[in-house]
Structure formats: C-alpha cells, structure tokens
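Asker: First the structure, then my questions, so here it is.
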Amino acid sequence: MPNNDYLTIYGEQIKSRLLIGSALYPSPAVMNESIVASGAEIVTVSLRRQQSAAAGDDFWQLIKNTGLKILPNTAGCHSVKEAITLAKMCREVFATDWIKLELIGDDYNLQPDPFALLEATKILIDDGFKVLPYCTDDLVLCQRLNALGCEVLMPWGAPIGTGKGLLNSYNLKTIRERLPEATLIVDAGLGLPSHACQALELGYDAVLLNSAIAGAGCPITMSRAFKAAVEAGRFAYNAKAMPEKDVAAPSTPTMGMPFWHQE
C-alpha cells in the first residue's frame with residue numbers, strides 16, 4: 001500500500017481506516033488498551049453516557065491521554081431538536097465542529113430516521129458543523145445527504161450491536177459506485193474481522209467499530225484482529241481482485257501436456 005494512501009475526512013488525512021467507539025468495555029483500562037491496540041486515530045464519544053461529574057472527568061482524561069482525535073456523537077437522540085442541542089453542546093465541550101449525527105427512528109432495531117436525519121443535517125451544516133451522518137444503506141438517502149454537503153457518509157452494515165456483518169452488500173456496493181467522491185464508512189452491525197475486511201474490499205474507506213471489540217471475550221486481542229483485517233481489505237481493494245467467473249479456468253498451463261489429456 002502506498003505511504004500516501006490516507007483516509008480523508010473533511011480535508012484531514014488519517015492513516016488508520018479503523019475508527020473505534022468508547023462504550024461498553026468491561027473496564028476503563030481495557031478500553032484504553034483496546035483503543036491503543038486497534039491503531040485507530042479517531043475515537044467516538046457520547047456526551048450523554050457520562051452519569052456523574054467524577055466518572056465523566058475520569059473518562060475524559062483517559063480519552064485525552066490516548067491523544068486521538070475525538071468524534072462526538074448524538075447517540076440516543078430521537079428528535080431533531082434533541083440532536084441539534086446535543087451537537088452544540090458537543091462542539092463546546094470538545095472544541096470540534098465534527099459531529100457524528102445519530103437520530104434513531106425505531107427503538108426495536110435502532111434504525112436511523114431518514115426524514116429527521118435530513119432535516120437535522122441541513123440545520124447543522126448551515127450552522128458550520130461538519131456532519132458525519134449515521135444512516136441506512138439506502139442509495140437515495142445517501143445521495144440527499146451528500147447533496148446537502150456531507151462529504152462523509154456512514155451507512156450501516158446491519159443494525160447496531162447485532163454483529164451480523166454486511167446484510168446487503170449489493171446496496172453498499174451501489175452506494176460506493178454512485179458516490180465515488182464521498183468518503184464512505186461502514187458504521188454498525190459488524191461482528192467479525194472478516195466483516196470489516198469485506199467492507200474495505202468493496203471500496204469503503206473505513207469502518208467504525210464498538211460492540212464488536214468491546215463485546216469480545218478479549219477486546220484487546222480483537223482490536224488487533226480488526227486492525228489487521230482492515231489493512232488486508234484495503235490492500236486487496238488496491239490490488240484489484242481478479243474478475244469473478246461462472247466457468248472454471250485452469251491455473252496450470254496446458255502447453256506440454258500429453259495429447260490424451262487435451263481431448
């Protein structure tokens with residue numbers, strides 16, 4: 001892979017194509033070691049998840065100590081007003097105009113609300129935010145978000161926390177083909193390193209992981225596995241895989257074979 005093969009997010013060049021979440025780990029120490037082992041340069045955080053000032057201070061100090069770029073999110077928001085308010089709070093607290101916009105429309109499968117997402121995206125972009133919207137694998141929705149000014153899109157692979165992988169690789173592939181200039185990050189639903197590898201093989205620019213690492217038997221080892229998988233997937237994409245065929249083709253030359261083997 002060339003040394004200048006960077007992930008680009010709103011003009012910033014990032015070496016790692018793995019973004020990592022900061023929730024659900026069995027302990028702060030495991031979270032810290034897992035983040036380091038992943039090689040990630042961007043960590044997502046939720047302002048809502050800190051229950052007490054003391055716990056919040058400890059958490060932020062751990063995150064700051066990693067030296068990674070923070071991508072705050074609006075996890076848990078169900079309305080446009082709620083998401084806008086939280087996004088503005090995040091901008092003040094974290095001193096960044098990046099926001100991972102999450103607006104849930106269904107509590108059963110945590111599917112994003114496409115209508116509220118479009119409305120909130122426009123408001124935030126008009127207010128100077130650089131929005132990274134968490135969305136479904138719907139082509140038209142992704143096109144609309146891109147047209148509003150989202151340079152980065154984050155379609156799901158499957159519902160959050162399911163670990164099912166890429167349920168609709170056709171849709172994801174279509175989005176990649178139709179939006180060649182957008183930075184595309186598969187967010188949610190990945191469970192195995194092979195899922196992340198597949199996303200990169202499809203031409204996606206990165207993956208965002210949380211449950212797949214935090215919920216593993218050994219999160220630190222799983223972080224290393226995902227790091228290797230993402231690198232392998234990007235290598236494979238850049239190498240341009242052989243075309244798939246419906247008919248077998250021998251890999252061994254037939255020249256020099258006995259004539260009775262060529263009948």
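Even glycines carry a Cβ here, placed using N, Cα and C.
Reproduced below are the annotations present in Swiss-Prot:
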ACT_SITE  Lys100  active site, schiff-base intermediate with DXP
BINDING   Gly161, Ala188, Gly189, Asn210, Ser211  1-deoxy-D-xylulose 5-phosphate binding site
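What's the neighbourhood like for each of these?
Answerer: Look at Lys100 (active site, schiff-base intermediate with DXP): DSSP puts it in a strand.
Every protein chain considered, the tally of other Cβ atoms within 10 Å of the Cβ of Gly161 (1-deoxy-D-xylulose 5-phosphate binding site) stands at 17.
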Asker: These are the binding-site residues: Asn210, Ser211. Which one scores highest on other Cβ atoms within 10 Å?
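Answerer: Max Cβ neighbours within 10 Å, all protein chains included: Asn210.
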Asker: Could you say whether, by DSSP, Gly161 (1-deoxy-D-xylulose 5-phosphate binding site) belongs to a helix, a strand or a coil region?
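Answerer: In the DSSP reduction, Gly161 (1-deoxy-D-xylulose 5-phosphate binding site) maps to coil.
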Asker: Return the count of C-beta atoms lying within 10 angstroms of the C-beta of Ala188 (1-deoxy-D-xylulose 5-phosphate binding site), excluding that atom itself.
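Answerer: If we count other Cβ atoms within 10 Å of Ala188 (1-deoxy-D-xylulose 5-phosphate binding site), we arrive at 28.
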Asker: Quick one: which residues besides Gly161, Ala188, Gly189, Asn210, Ser211 have a Cβ within 8 Å of the 1-deoxy-D-xylulose 5-phosphate site's Cβ centroid, in sequence order?
Answerer: Ala158, Pro159, Ile160, Thr162, Gly163, Leu190, Gly191, Leu209, Ala212
Asker: Just how spread out is the 1-deoxy-D-xylulose 5-phosphate site if you go by the largest Cα to Cα distance in Å among Gly161, Ala188, Gly189, Asn210, Ser211?
Answerer: 9
Asker: Ten-angstrom check, please: count other Cβ atoms within 10 Å of the Cβ of Gly189 (1-deoxy-D-xylulose 5-phosphate binding site), all chains counted.
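Answerer: There are 22 such Cβ atoms around Gly189 (1-deoxy-D-xylulose 5-phosphate binding site).
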